[in-house]
Amino acid sequence: MNIILLGPPGAGKGTQARHLVESRGMVQLSTGDMLREARESGSEMGRVVAEVMARGDLVTDEIVIGLIREKLDGANGGGFIFDGFPRTLAQADALGDLLDATGQSLDAVIEMDVDDAALVARITARSTCAGCGEVYNDLSRPIPADGACANCGGTEFTRRADDNEDSLRNRLMEYYKKTSPLIGYYHAKGKLAKVNGLGEIGDVQAAIAAALDAVPAGA
């Protein structure tokens, strides 16, 4: 099964993708991770990516599609999760063409629906363990009372510089401007399922699982 996770910054796509990797054996294709891997690989594509990023230019859709093609040629376990791609209609068309060319299909698009005000409140309360990257939240999952990370025992925690209200609202505006057309695009194809992205992590996991289990075989 191949799926796309859609949702604004901070909606929890990465958390849910990791759960699907663990529970269903799927392979997460994160645009950011693929670009970093390519840059560090020393491959021909990696050198192109490194040069583009060194210039501060935007990586073209052609490059990202090329990286995805390389991944599709490998073992896919329980299928692929596209995280952070596509973000535009042109990218959606390119991904569809690539899947067709490789004899694969897109089975479902999960939209993680959120309330902007609640999302901003949640993200501005977020902090990360400097040692292992474990994420905490002042509202829902505070740092343990002893001040030590429950995962690695580290005691240093950081907040992202752009996890402030003004920055978040700008990022949300950019997301909706670019990505909103994808909602209608995939709805028209009968691929879209919407889940509440602001519930407890386990509740969101269950909602996504139910949406995926409802996909007809061979859809």
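Yeah, the Cβs are placed from backbone N, Cα and C, and that goes for glycine too.
Your range for region 'NMP', going by TrEMBL and the list 30-59, 60-89, is 30-59. Mean pLDDT across the domain 'Adenylate kinase active site lid' (126-162) comes to 91 in this model.
With DSSP states grouped into helix (H, G, I), strand (E, B) and coil, the domain 'Adenylate kinase active site lid' (126-162) comes out at 0 helix, 10 strand, 27 coil.
If you check the binding-site residues Gly12, Thr31, Tyr136 against Cys129 (Zn(2+) binding site), the ones with a Cα inside 10 Å of its Cα are Tyr136.
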